[in-house]
Amino acid sequence: TKTRALVQQGHYIEALQLYNQTIQHSQLPDKFTYPSLLKACAALSSQNHGKILHATIITMGLQFDPFIATSLVNMYVKCGFLCNAVQVFVKVSESENVKQDVTLWNSIIDGYFRYGHVCEGIDWFRRMKLVGVRPDAYSLCSVFGVCSDLFSVVGGKQVHGYVVRNILECDSFLDSALVDMYMKCGRPIDAWKVYDKLEDKSNVVVRNVMIGGFCENGMWEKSFEFYAQTKKENCKLGSAMLSNVLMVCSHTGSLNFGMEVHCDVMKCGLEWEPYVCTSLLTMYGRFKLVEEAMRVFSCIREKGIELWNALISAYIGSDYVHEAFEHYDEMKSTGCQSDSFTITNILSACSISLSIDFGRRIHGEVIKRPMQSSTAVQSALLTMYAKCGYIEDANLVFSAINERDTVAWGSMISGFFQNKKYEEGLSLFKAMEADGNGTYLDVFVGSVLIDMYAKCGLPNEAGTVFWEMPRKNIVAWNSIICCYSRNGLPELSIDIFPQILNHGLTPDPVSITNVLVAISSLTTLLKGKAVHGYHIKLFSQPDLQVENALIDMYIKCGCLKYAHTIFRNMARKNVVTWNSVIAGYGSHGECLKAITLFNQMQTQGELPDEITFLALISACSHSGLIAEGLRLFHSMREDYGIEPKMEHYAILVDLWGRAGYLNEAYNFIKGMPMNPDESVWLCLLFACRTHHNIVLGEMVADQLMQMEPSRGNNYVELLSLYGEGQLWDKAANMRLSMKDKGLKKIPGCSWIEMKDEVNVFLSGDSSSPKALEIYGTLSSLRTNMETDQSLYFMSDGQ
C-alpha cells in the first residue's frame, strides 16, 4: 500500500497523516500495514500515536498476530516505555502461537539491553530457552554484544558453548559478533581460534572485526599483516576495514602505510564515503598535515558534522587554533549544526590558546541550545574558564551541573590546582567523596591528584594515589613518570617506564618524552639509547616533542654528535629545538657554533625567545666572551622586544664573575631595574669563591642570609670561601653559627650506571640495601689513604 511505501522511504509523518485521512473516511487498512505504522511511531518516538494504534489493533483483534505483537513491543521500547513493552509481551504470550516467536523474544531482550538492564535482559534470554524457543543469530549477537560491553569473557564463553553444543549454524554476523566479543574482552588468541575455524574466511565483516580487534588490543603489526593478507587474497576492501586500518596508521605513526591505504581508498572508489574520509582527515591531522586533510575535505560535496569535526580537530591538533576557529565559523555559515563533540573540541582549543573571548562566545551559543545539558560540554566550559584564569566563572558552571560525573569533578578540582587554589581543590575532592561518587581511584581524578601532588612537591603522596588506582590508562602512567622526574626522583621514573608494557599498554610520545627527561637528569646514556631505539621501533614517523627530548638527552650525556645528527635530519623544527642545540653547543664550550646556529635560526624564519638568549649568554659565559654576551643582552630588548627577566640578569652576573670582573658584576646588580633575587647574588658569591675575594664574598653572603636565613647552603658557600682562604677562625665561628641555628648542608647526590642499573647515592644516606657493603668499602679506602699518607679533603661536617 501507499502507507507502507511512505514508511520504507522514511516519510514517517506523511504515512501517519495518510493513515488518519484513511480512518476519517471509515477505511481501515489491512493487518500488514500496522507494523509499518508502528515503525513510523517508533522512528518519531511518538508514543501517543502508538497508543492510538495499539487501541485500534486490540479493537480489531490483531494483538496476537506475531508481526504486529513484535512491532508493538519494538514501538514501546524505542519510545522509552519498557514497562508498556513488557505488558504487551506478557499479554500476547498467552497465545501459544505468539509465545514461540523468536522475533518477539528478541525485541523484549533487546529492550532491556538498550536501557542498560543487562541482568534482566540475560534473565529473559534464559527464559526464552526454558520455554523451548530456539535463539537465532540475532538473539546471540545481542548477548555477545552485551558481554563485549561488560568485558565478560566468562559469559561470552558460556553462550559460545551453547552455540557449539546445539550445533547452531553461524552466519557472518554471528561469526563477527563472536570474534568481536573475544577481541573486546582482551582475548585476541581466542578470537583468532574462532576465525581460524571459519569455513569462509573471506567475509569482509569478520575480517574487519579482526583488524579492528588487533588494533584495540595494541597488536598494530597484526592489523597491518591481516590487511596486507586481505589485499593479497583479492578480498573486498570495505569502508569499515579501510577506516580501521587508517586508525591503526594514526595510532602507530605509520604515515607511509597510511598514504598507501589512501591509494586503496581511491582504487575502491570510496574517496567520497564520509566514514572513510573522516578517518583520512583524522590520520592526516595526527601527522599535522593540514594541507592534505584540507585536500580530502574539499573533495566532499555533502559535508556532514562528522567531517567538519575531523577537519577542526586536525587543525587544533596541528596547533592552528585560530584557523580552527575560522573553519568553525565557516561550518556555521553553511547551515551545518554543531554537536557536543564540536563544542568540546572548540572549547579545548580556547583552553590551549587562552582565547577567553571566543570561549565566552561559544558559551553563549551553548546556552541557546539544548546541548547545554551535556555534562561533557559543561566540563569543557569550566576547564576553559579555569585554564584562562577565570576560576570564579568555572565554579559557576560547575555549580550549575545537576548530575556531575567524574570528569566534571576532576575538571573543577584540576582548575583549582592550576590556579594554585590547593585548599579549595582538596576541599572539593573531599566533597566529591562525600557525594558518594567513589571516584578516589578513578583514572581521570587520580591523574589530576597525581599532577597536584607533583606540583606541590609531594611525590610519595602522588605514588600512593597512583598505586591505589585499580585501572590506569596511559595518562596516569605519564603523570607519575613526570611527577617523579620533576621531584628529584628520576631513577623511579626510569624504573616505572617498562611497567607500562607489563600492564598491556603502549607508551605514547608523552611517555617517551617524560622518561627521556628523567634519563637526561641522570645522564644514563645506555638507557637513553635503549629508549631511542624503542621509539624508532614503535613509531615509524618522528614526533617533534620526542626529537627535542632526544636532542636534550644526548647533549646532557655528552654526545653532541648524536644530538646534531637528530637535529640535522628533523623535517620540522620549532624554537625549542633550536634552543636545545644552541644551549648544547654553549655548554660544551663551542660558543661560536652556538652563535652560528642562532643566525641560521633567524635565516630559517624562526624567531628567538627569552630562552634562546639565556642559552646564548650562557654560552658566552662558558667561553669568556664578555663583549658578545653584553651585546646579546642589549640586543634582546632593542632588536627583538624581549624584556630581560631575572634569569638573564643572573647569567650576565655569571658572565662578569667567571671572567673575574667582580666589581663590575656587583655594580651591575646595584643598577638592576628590579630587586635582585637569590639566584643573582648566588652567582656573584660563586665568583667570589672562585677568585678568592673574601671582602665582597662576605657582603654578598650577608645579603643572601638576610633573604634566606634558613637556607644552609648559603652558609656552606661562605664556609668554603673561608676554608679556601685559610681563615680558620671565621670558618669555626661559621660552623658554630650553623649548629646553633640547626642548619645543615643539603646532601650531595651522585649516581653510577652499572649493568643496566642506575645506583643513586646521597651523602650520609644509609637506606640503601647495600649500605653496609658501601660504607665498608669507603672505610677501607679511607684507611688505605691514611696509611699511604695521601692528601684528601675533609668533608664540611668534619
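Cβ coordinates are placed from backbone N, Cα and C, and glycine is handled just like the others.
Going by TrEMBL, these are the annotated features:
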| type | residues | note |
| --- | --- | --- |
| REPEAT | 101-135 | repeat 'PPR' |
| REPEAT | 203-237 | repeat 'PPR' |
| REPEAT | 304-338 | repeat 'PPR' |
| REPEAT | 405-439 | repeat 'PPR' |
| REPEAT | 473-507 | repeat 'PPR' |
| REPEAT | 574-608 | repeat 'PPR' |
| REPEAT | 609-644 | repeat 'PPR' |
Secondary structure composition of the repeat 'PPR' (203-237) [DSSP: H/G/I, E/B, coil]: 26 helix, 0 strand, 9 coil
DSSP-derived helix, strand and coil totals, residue by residue, for the repeat 'PPR' (304-338): 26 helix, 0 strand, 9 coil
Residues of the parent chain within Cβ reach of the repeat 'PPR' (574-608), under 8 Å, 6 or more residues beyond its termini: 544, 547-548, 551-552, 555, 558, 560, 563-564, 567, 615-616, 618-620, 622-623, 625, 628, 636, 640, 642
